[in-house]
Protein chains: 2
Amino acid sequence: MLQVIKSIKDMKQKIKTIKDSHLTIGFVPTMGALHEGHLSLVRNAKKEHDEVVVSIFVNPLQFGKNEDLRHYPRTFDRDCELLSREGVNLVFYPDITEIYPDGFCTSVIVHDLEDKLCGKTRPGHFRGVAVVVLKLFHLIKPDSAYFGQKDFQQTVIIKRMVYDLNLDINVKVLPTIRNTEGLALSSRNVYLTETEKKDALCLYQSLVKAQCMATSGITDTEKIIREMKKIIHTCASATIDYISIVNPETLEITSEVRNGNVVTLAIRIGRTRLIDNVILTF
Amino acid sequence: MLQVIKSIKDMKQKIKTIKDSHLTIGFVPTMGALHEGHLSLVRNAKKEHDEVVVSIFVNPLQFGKNEDLRHYPRTFDRDCELLSREGVNLVFYPDITEIYPDGFCTSVIVHDLEDKLCGKTRPGHFRGVAVVVLKLFHLIKPDSAYFGQKDFQQTVIIKRMVYDLNLDINVKVLPTIRNTEGLALSSRNVYLTETEKKDALCLYQSLVKAQCMATSGITDTEKIIREMKKIIHTCASATIDYISIVNPETLEITSEVRNGNVVTLAIRIGRTRLIDNVILTF
């Protein structure tokens, strides 16, 4: 039976009960508008832990002034239905004032990692992510926390934060879930028109191109990115924010591609900004 | 029997054992060079908890470039002797590389509070404090952590951080311990010559003056500070960094003194920067 908890006080009490029973906790932090990507995290959490906690909180601190905070999809009832079907018992669904009470003024900065890639276009975004995730970690005290590979930079930053701050939490990063044509699932895909949805396939196509080139022995980053850009440019509605090939821990750009490097990109399709990435293996 | 633990791994193991036995932990973070101020914290921690952990770590991140990191007093053997006598069993004494491994890049900022008062003269100081205290909290998982009132701004910042980040830690602030003449105990007092030690009494004298004026019904901040300055100026070796009367939670300067406001100051005696404060009660 799905229990929705809105207050921090009740959540702490619940977590205490779970901990006192020596049960392990798998935690899936989300902003709701759940899709198969989230559900894949939930399924893994469930497989690996006694209890699963899913948080649903559209975190204002991680949205820029001109971003889509107001329009971000909110589908709470449907989310609960989906989670119920997965056998989730516990959803944390706090109000903004519960998470950020009057006078709240603490932020967490993972320097070096937060201002690269998406951080350039979205200044402050990853500080907002880091602080809310840290708060949720403190509240829910999970043994493992689950994140999707799609939000690659986010996963790198959270892993670094957890390591730097000596948290005993296993950060698990699971593969990006795609539709049958390759489009990475994202809550923001609902913004896309039917035409844009087709255009948006160029993201994955360009990533596949990069993988193929690397497999065929091409290691020149510039050359690979040039070919990727050609694919993106075939789409009238696409604008490139960035395409980079980076070290998966430092996010430093590589000039020579190595096994395990990550090709990561942010592309605007019409007015919708989409991100995607693949880990290069060859 | 006092056990000194240097590695994070061993410390985590030890804390796990304590937690598994359902014992409570009182934690006293220090930079060593212990004095009666620290020992008063230790005694309270011991009275209120099953186990006491004292950390000794001279935290480089909280020292400015031209500050006294290299010369900060280090008296480890004597510290252990003192703690042994107090019946402390557990000291955490990590190396710098243990706390800040390669690639460490996370910082914690308590905005609004960190750049006031001491933060003006010591930019970055409180970020260094916040991050190391947060790391130690994660490692040691205390029920309560003990701090001295002397480091007033530090206590306000740590309380705010603990609240903002939803940590389940009781932050206990205990009264400043003074020598018989009123000088607040501080590890940095060893820098003072005999003459300077006498000069340094002007800090407490000026604070007592403020308390007396408030008690006698004077609420005009400027008037009180003017009288305090007169006392400081009688000392040839004293230079005022700041004297402020502030709200004890927001650190905002008050123009009209209220019960519970804090008079706080930083004064250089020769080359040594000393801080002190009193809570005004009337």
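Each Cβ is built from the backbone N, Cα and C atoms, and glycine gets one as well.
Residues annotated as ATP binding site in TrEMBL: B:31-38, B:148-151, B:Ile177, B:185-188. Sequence annotations record features per position, and here TrEMBL assigns active site, proton donor to B:His38. Per TrEMBL, (R)-pantoate binding site is recorded for B:Gln62, B:Gln154. TrEMBL lists B:Gln62 with the feature beta-alanine binding site.
Non-local contacts of B:Gly37 (ATP binding site) by the CB criterion (under 8 A, 6+ apart in sequence, same chain) comprise B:Gly148, B:Lys150, B:Thr176, B:Ile177, B:Ala184, B:Leu185, B:Ser186. Just so you know, the Cβ of B:Ser187 (ATP binding site) picks up 19 other Cβ atoms within 10 Å once every protein chain is counted.
B:Leu34 (ATP binding site) is 18 Å away from B:Gln62 ((R)-pantoate binding site) when you measure Cα to Cα. Each of the binding-site residues B:Met31, B:Leu34 was scored by the number of other CB atoms within 10 A of its CB, and the lowest score belongs to B:Met31. Between the alpha carbons (Cα) of B:Gln154 ((R)-pantoate binding site) and B:Met31 (ATP binding site) lies a span of roughly 14 Å. B:Gln149 (ATP binding site) is surrounded by 19 other CB atoms, counting those within 10 A of its CB over all protein chains shown.
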